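Visitor: Could you have a look at this structure, given as structure tokens, before my questions?
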Amino acid sequence: MAVERTLSIIKPDAVAKNVVGQIYARFEAAGLKVVAAKMKHLSRAEAEGFYAVHRERPFFKDLVDFMVSGPVMIQVLEGESAVLKNRELMGATDPKKADKGTIRADFADSIDANAVHGSDSAENAAIEVAYFFPSSEVYSR
Ligand code: RTP
Ligand code: MG
């Protein structure tokens, strides 16, 4: 297995619920290290740019509206198979379909307000990490 990095975002719903620490605890328990982090209230342009692959999808406007509705917590996670491990911790996109014990099953309310984002491939992870963090702000350990 290879050590990877992945981009994680704790979305506005979960920040508002004050469960940032509980979500970080799950990353740590799974062996993922936080190697960069910041809280940020995204502008529309930042949210649209981040989710640009979904620009033509019917849910794009709702997604952007939601992502700019409050501050988010953005972090880079590092560890063995970090991309897949984080996706497993997150659970399915729709919390109603997410396995018991996953972040989305436990903290998300709907497919829009679904608590977390995680990169879906190592290739996209590299792009997404660079979108929010210059390499000087990622502290590999
Ligand atoms: P994310 O990118 O946020 O980690 O979520 P994901 O990979 O599990 O899902 P993705 O297909 O990338 O979709 C991005 C976000 O758009 C919203 N969505 N709504 N109404 C719908 O059918 C629908 N499908 C997706 C979700 O909030 C999803 O997290
Ligand atoms: Mg996605």
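Using N, Cα and C of the backbone, Cβ positions are placed for all residues, glycine too.
Here's the feature list from TrEMBL:
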DOMAIN    3-140  domain 'Nucleoside diphosphate kinase-like'
BINDING   Lys11, Phe59, Arg87, Thr93, Arg104, Asn114  ATP binding site
ACT_SITE  His117  active site, pros-phosphohistidine intermediate
Visitor: Fewest other CB within 10 angstroms, which one of the binding-site residues Lys11, Arg87, Arg104?
Guide: Arg87
Visitor: Long-range same-chain neighbours of the residue listed as 'active site, pros-phosphohistidine intermediate', Cβ under 8 Å, sequence gap at least 6?
Guide: Leu7, Ser8, Ile9, Lys11
Visitor: Please list residues from the chain of Phe59 (ATP binding site) whose Cβ is under 8 angstroms from its Cβ, counting only those at least six apart in sequence.
Guide: Asp112
Visitor: Per DSSP, how many helix, strand and coil residues does the domain 'Nucleoside diphosphate kinase-like' (3-140) have?
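Guide: Per DSSP, the residues of the domain 'Nucleoside diphosphate kinase-like' (3-140) fall into 64 helix, 28 strand, 46 coil.
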Visitor: Among the recorded positions Lys11, Phe59, Arg87, Thr93, Asn114, His117, name every one whose Cβ is found under 6 angstroms from ligand 1, counting any of its atoms.
Guide: Phe59, Thr93, Asn114, His117
Visitor: Please compute the mean pLDDT of the model over the domain 'Nucleoside diphosphate kinase-like' (3-140).
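Guide: That stretch averages a pLDDT of 98.
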Visitor: Applying a 10 Å Cβ distance cut-off over all chains shown, what neighbour count does Asn114 (ATP binding site) have?
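Guide: Counting Cβ neighbours of Asn114 (ATP binding site) within 10 Å gives 23.
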